[in-house]
Amino acid sequence: MRLLRPTETLPLYQQDLDGDHARTITRIRRLWRSMPRYIRTVLPLFCLAAFFALVYALGSSLPTESIETNEADFQKFQRKEPNIPQDYAQPNEHVAGVDNSAAGVDESNGKSEEGAIKFTGPKNDRQKAVAGAFKHAWDGYKKYAWGHDQLKPQTRTYSDWFDTGLTITDALDTAIIMGLEDEVREGTEWIEKSLSFDKDRYVNLFEITIRVMGGLLTSFHLTGNKMFVIRAEDLADRLLGAFTGSKSPVPFSDVNLKTRAARGPSWSSESSLSEVSTLQMEFRDLSRITGNATFEKTAFKVSEHIHEIGCAAHDGLCEMFINANTGRFREKTTITFGARADSYYEYLLKQWVQTGKTIEWLASDYQEAMASMDKKMVRLSEPNKLLYVGELLPPSDSFSPKMDHLVCFLSGTLGLGAKNGMPPRHMEIAEGLAAACHAMYQTPTGLAPEIAYFNMNKEQQSDLSIKPLDAHCLLRPEAVEAWFYMYRFTGDKKYQDWGWEAFEAIEKYAKLDVGYSSVNSVKKIPVTYKNLMESFFLAETLKYLYLLFDDEKELIPLDKWVFNTEGHPLPIYKN
């Protein structure tokens with residue numbers, strides 16, 4: 001567009017205009033010449049700016065194809081569509097459980113053409129209550145922390161750890177299983193349109209794998225929506241930097257999502273045992289979905305490496321720290337089934353199950369470790385003979401009656417092993433440990449502490465004690481997880497009752513006007529709060545409660561699905 005200068009004449013066809021038109025033009029020309037020079041300079045520029053603003057506004061309001069926006073972050077990745085082989089993309093004997101019997105679906109509707117499983121929602125009052133708790137937690141998060149990692153319910157703000165919408169990515173499959181259509185739609189739309197991993201931020205390899213990648217993979221398996229695979233594959237490609245930056249098969253604990261640079265934690269050059277050995281199920285599942293074997297092979301080298309170097313000093317029980325540069329364990333560390341070691345043993349068994357029980361050394365390493373645990377770390381408390389699993393302390397492997405709430409996972413894992421051919425003794429330990437975990441909930445609030453010490457003195461009357469610094473409760477899932485497995489395997493309704501007691505305590509003491517919060521002490525009423533709603537509360541605790549209250553034991557059958565350590569069910573493959 002060209003503007004006329006005051007000295008220019010109008011084009012010939014305008015000069016020839018007659019009558020009123022000509023007189024109007026003449027008046028406009030005179031008015032223009034009479035204006036001050038600065039107005040004649042500014043006014044055209046103002047009109048030009050207004051024109052471009054109008055064009056921009058109209059253009060930004062036009063609808064666009066979602067795939068153009070969604071894939072903007074993946075241009076460098078060059079994978080707009082996952083390369084899903086036919087035998088993995090469609091429900092079949094490899095992707096087990098994707099049928100009516102797999103998830104308790106509506107028999108009249110069954111599975112959709114897109115591969116989704118139709119979940120019918122709560123079937124009884126207890127399930128309805130748990131689904132209502134999930135909706136309350138989700139609504140608080142949506143109102144005050146949407147798109148951020150976790151809700152801070154007291155202050156009605158948020159915290160960011162990975163900056164990946166952690167509560168959405170971690171908890172979406174819980175909403176799917178509960179049949180919460182609005183929440184599923186909201187979470188799916190955010191992941192599709194807003195989730196990006198292209199951020200200059202270091203994240204913990206283990207935590208983001210089990211929470212975010214695990215959640216995305218399960219959401220794909222339950223819905224058939226390949227968008228979740230695209231997101232998971234992009235994340236995994238970035239996380240491979242933790243492996244390629246290491247001099248050994250052992251990855252570094254932290255990786256930068258944008259640069260792929262890797263490093264150890266700020267306090268050490270070592271990774272914890274659980275961090276490096278609890279990635280394999282997720283990376284394997286992604287490889288099986290996409291046909292890209294790199295993910296499975298890279299992660300599984302860690303398991304192979306630990307198998308090769310062995311943990312002979314403690315007859316299959318491993319030290320809790322391993323160096324990414326040397327690939328060797330640090331000697332003389334605590335032997336524990338709690339923090340920093342727990343899920344190594346869990347994934348020995350579950351990888352074996354996931355691969356159709358075809359990798360025998362996984363099963364043998366697991367069985368050796370469980371036999372050693374039974375011999376060296378299992379004790380009975382006084383006076384009620386509760387079975388618990390303690391720790392071995394360096395340098396002389398002295399026994400400590402300390403047990404993390406995290407150790408309650410072992411009950412479910414042992415039960416799962418027993419149902420897959422492991423020795424019957426495993427089920428005995430599993431049932432005893434489930435009862436000890438229930439005892440941890442016998443507090444003034446009915447909530448369990450982070451850590452308990454079991455009594456070995458026959459003169460004392462209480463089976464366990466809780467130290468002040470260990471009395472906080474993060475609303476962890478491990479005890480409920482144990483009771484879920486025990487109910488599935490035994491049918492004993494006491495496990496449902498124990499879960500309901502724990503849920504009622506959560507409702508009474510952890511529920512706030514906005515969401516739920518961890519508490520500072522399970523021993524003090526009134527309670528005070530830590531002002532954080534952990535993503536695993538929605539992803540695991542509420543999911544396992546909902547599944548525990550499935551009276552018919554039809555949802556997510558354990559002969560077709562295996563749960564990762566964050567409570568995300570993945571399909572069992574033949575090999």
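Cβ atoms are placed via backbone N, Cα and C, with glycine included.
TrEMBL does not curate its annotations; it predicts them automatically.
What you are looking at is a predicted structure, and each value in this text was computed from that prediction instead of being measured.
Neighbours of Glu207 (active site, proton donor), defined as other CB atoms within 10 A of its CB across all chains, total 20. According to TrEMBL, the feature active site, proton donor maps to Glu207 (among others).
A simple way to gauge crowding: the CB of Asp342 (active site) has 25 other CB atoms within 10 angstroms, across all the protein chains here. Annotation comment: TrEMBL describes Asp342 (among others) as active site.
For Glu450 (active site, proton donor), the Cβ neighbour count at a 10 Å cut-off comes to 21, with all displayed protein chains included. The active site, proton donor feature in TrEMBL is assigned to Glu450 (among others).
Sequence-distant neighbours of Glu478 (active site) (same chain, 6+ residues apart, CB-CB distance under 8 A): His405, Leu406, Val407, Cys408, Phe409, Cys437. The active site annotation in TrEMBL covers Glu478 (among others).
Here TrEMBL flags Thr565 as Ca(2+) binding site.
For Cys408-Cys437, the entry in TrEMBL reads disulfide bond.
Positions annotated as transmembrane segment by TrEMBL: 38-59.
Neighbour density for Cys408 (disulfide bond): within 10 A of its CB lie 29 other CB atoms from the protein chains shown. Separating the Cα atoms of Thr565 (Ca(2+) binding site) and Glu450 (active site, proton donor) is a whole-number distance of 18 Å.
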